[in-house]
Amino acid sequence: MELSQSITHKNGRQRKPVVSNLDMGERESKLDVEGDEEALLPNSDKADGQAKMSHGIKGELRNVALLLFLYVLQGIPLGLAGSIPLIMQSKNVSYKDQAYFSFVFWPFSLKLFWAPLVDSLYLQRFGRRKSWLVPTQYLLGLFMLYLSVTVDGMLQTDGQKGPDVITLTAVFFMLAFLAATQDIAVDGWALTMLSRENVGYASTCNSVGQTAGYFLGNVLFLALESADFCNKYLRFEPQERGIVTLSDFLFFWGIVFMISTTLVAILKKENNKQYLTKKKPKEETQSVMETYKLLISIIKMPTVFTFCALLLTAKIGFSAADAVTGLKLVEAGVPKEQLALLAVPMVPLQILLPLIISKYTAGPRPLDVFYKAFPFRLLIGLEYALLVWWTPSVRQEGGFPVYYYAFVLLSYAVHQVALYSMYVACMAFHAKVSDPVIGGTYMTLLNTVTNLGGNWPSTLALWLVDPLTFKECQGAPGQTCGSVEDAGLCVREGGTCVTTLDGYYVESVVCVLIGLCWWIFFGKRMKRLQEESPSASSSVNKMPPGLDPSDVNEEDKPSKNVIAHISQFADDNLTFVRNISTCLGLAGLLIIARSIRLITKFGSAADIPARFIERNISIRGRLRNITEKGLEVEHIPIYVPLLSRLLTKRQPVTLLDVRLAGVELTSEGQDWIGQQLKPAETVWLRLITRQNETLHCLVSVNRGSLFNTCVNEELLRHGLARTSPFVGLDPHSRIYWHLYKRFLRAESRAEKKGKGLWKEENRLERAANVLRNNMLVNSMKKLFKLGAKEK
């Protein structure tokens, strides 16, 4: 997980409706009109005399797959842009440079300003959407290929010269700008590529594809680029670099962009039926100008202007926590790849939170939730500052303990709850006050202002960290650390620059105070906006000439069938339905868990179901004793409140007899286990085979990282054990050969390095052993000892 970059990604997903709402809101009304026009054409819905029949989503799986792929491509440059600040932070760039680079995340908030141009200017023969999509993706591919050759030089540090931040910012800004333009084109194409009954899948492709692309370009890249991560989890022999480098990653995706764009340009035909009507380009140019006039007329309304001013200033109090915390954690030594991986468990939470919070924002006063969540998010900012202050004291020689990452994950989860509470409340209020006649434009404008209100404070917060930080030069009298040059001179004179006051803490306190003042003085003003009449924000009477509300078609009323009645009942009794479904779901989970014995405590090997052994299930336990042959472990079942306590109330404490599968221990190996495994330590047992009352398992422990360490393999890597056949396991089974190869690699690694059993004596040691065992030498020693005693 990356606190700062995860927030950036969140903002990126908030920006998603900025164009999609505009594009879809305007396009749906156009589709209605075009659909009526197409109905007048003799061949509009027929081909070769055969009527087109709708076959549901199965008939459009190729289109859905194409949309999903295009949104994945869109997320790649966003993910890469989110990973660059963490890479630069590991190279000790200034926060002023980080502020420069933060402008890269602005295009997705500003794409409203060129979205009407993308929508209206095109080559009719090539296709309305392909006219923008194809050249945009070609440019993205070319930029990535260019970066694959030059990015290492841009990030390289020579002496006092750091990374070329200005060039990096310019290139990645263009990547983000092109990705935003591609997003506009794909959003519009989705409405004509899919049939009207399946157009809802476009939003699913949007969210899933962009999230997957961001994950590939950010989390996966940072993990594979890290030498420590790859050496620890993916390699048998350590190397100085990760599996992939930034240049390799950019080159691969640049080629993917070029090839996929060529295939789309050649093979995918755009549906151009709507262009059969003879519309003049002049009319479309006028619609662009009318859209801009409409935006200006909306902003001029007093209520909208006030609301926009509040949105632009509301997030000042959160800027330090959102923009700087993740970079500070990297500066304190937290591996950037570990922070990236901690973002993965947040995905289910980010999916569920809007569904839960929307229940409280569906009423007439959604901004009440915004007002209540505001101070909690401010307090989380202070908690983030304490987390950064606490981080250096927790750091150990091998990294950070598990409880530290658990605390970071919990802090971020709480932050997400407050963030989504405010975000969903804002979106609900936007939908409530938007004029239904021009809802797409209205919603897009408000979303754009909301995102800008988060971007500019983050950039300013990054910019002010260095000016607010105070350092002094210790060990070199007369030197200072006021600038980069002064700091370099201090080091050359034999001193070190020590931070006496970190600007991040100053910013955190100041931002919280500003946010608290905003909440006290302006928070209630925002709440009062809900009490004003919706007509105060209406722009129907202020629409520019050329836009007549009577020309806008009303939505067709749905037919009253059984499904409609059921849906209406569910909407009217939403709380009741959710409570019933939740209770049924919990009851079902308890029944399933009880039937498969997930919450049962096993007192002996015989208690473990045979299917657990067959499927090599992993169970958790607490180490109690270390014996000559193995371990004695107390099983820890999955805990369910109240039910687990009732089931285990009268059960005696019994221990499982555990052997290390596939390993023949030496005496040194037994001593090593006694040193590494402590009593009452939590271990994971992957069940391999069972013999009578003995379990043969892969034993794993956690050593302060996201992944567990296999004790069996560690013994072989250190040369403290030999591989042995897996007792009771079918030699022809897949798992047998998988484990056998895995253990042989670990053993061969120890043999190559000459560890433990495989340690070879050097010439001096061999000569000393020969002399020590030589009879003549031993006789001479005895004679000398007798002579010494006689004297």
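Placement of Cβ uses the backbone N, Cα and C atoms for every residue, glycine included.
A TrEMBL annotation is a machine prediction, not a hand-curated record.
Look at TrEMBL and you will find 1-21 (among others) tagged as region 'Disordered'.
The region 'Disordered' annotation in TrEMBL covers 28-47 (among others).
Distant neighbours of the transmembrane segment (64-87): 2, 4-5, 8-9, 12, 57, 98, 101-102, 104-105, 108, 133, 137, 140, 144, 155, 168, 172, 175-176, 178-179, 182-183, 186, 189-190, 193-194, 198, 201-202, 205-206, 208-219, 221-222, 246, 249-250, 253, 256-257, 260, 264, 268, 326-327, 330, 336, 339-340; these residues of the same chain sit at least 6 beyond its ends, with a Cβ under 8 Å from one of its Cβ atoms. Look at TrEMBL and you will find 64-87 (among others) tagged as transmembrane segment.
Annotated transmembrane segment per TrEMBL: 99-117 (among others), in sequence order.
For 137-155 (among others), the entry in TrEMBL reads transmembrane segment. With a threshold of 8 Å between CB atoms, the same-chain residues lying at least 6 positions outside the transmembrane segment (137-155) that come near it are 73, 77, 87-88, 91, 163-164, 167-168, 171, 174-175, 178-179, 182, 245-248, 250-251, 253-258, 260-261, 264.
What TrEMBL records for 167-186 (among others) is transmembrane segment.
The transmembrane segment annotation in TrEMBL covers 249-267 (among others).
The annotation transmembrane segment is assigned in TrEMBL to 294-318 (among others).
If you look up TrEMBL, you'll see 338-357 (among others) marked as transmembrane segment.
As annotated by TrEMBL, transmembrane segment applies to 369-390 (among others).
Long-range neighbours of the transmembrane segment (402-425) within the same chain, counting only residues 6 or more positions beyond its ends whose Cβ lies under 8 Å from a Cβ of the stretch, are 1, 3, 6-7, 10, 14, 321, 329, 338-339, 342, 345-346, 349-350, 353-354, 357-358, 361, 366-370, 372-374, 376-377, 380, 383-384, 387, 391, 394, 702, 704-706. Feature annotation from TrEMBL assigns transmembrane segment to 402-425 (among others).
The transmembrane segment annotation in TrEMBL covers 504-522 (among others). Sequence-remote contacts of a segment are chain residues at least 6 beyond its ends whose Cβ falls under 8 Å from one of its Cβ atoms, and for the transmembrane segment (504-522) they are 310, 313-314, 316-321, 324, 328, 371, 374-375, 378-379, 381-382, 384-385, 388-389, 461, 464-465, 468-469.
What TrEMBL lists as region 'Disordered' is 533-556 (among others).
Outside the transmembrane segment (167-186), and at least 6 residues removed from its termini, the chain residues within Cβ reach (under 8 Å) are 16, 19-20, 23, 67, 70-71, 73-74, 77-78, 80-81, 84, 88, 100-101, 103-108, 110-111, 114-115, 118-119, 129, 132-133, 136-137, 139-140, 143-144, 146-147, 151, 154-155. Taking Cβ pairs closer than 8 Å, the transmembrane segment (369-390) reaches residues 3, 314, 317-318, 320-321, 325, 328-329, 332, 357, 360-361, 407-408, 411, 414-415, 418-419, 421-422, 424-426, 429, 504-505, 508-509, 511-512, 515-516, 519, 523-524, 526-527 in its own chain, all 6 or more past its ends.
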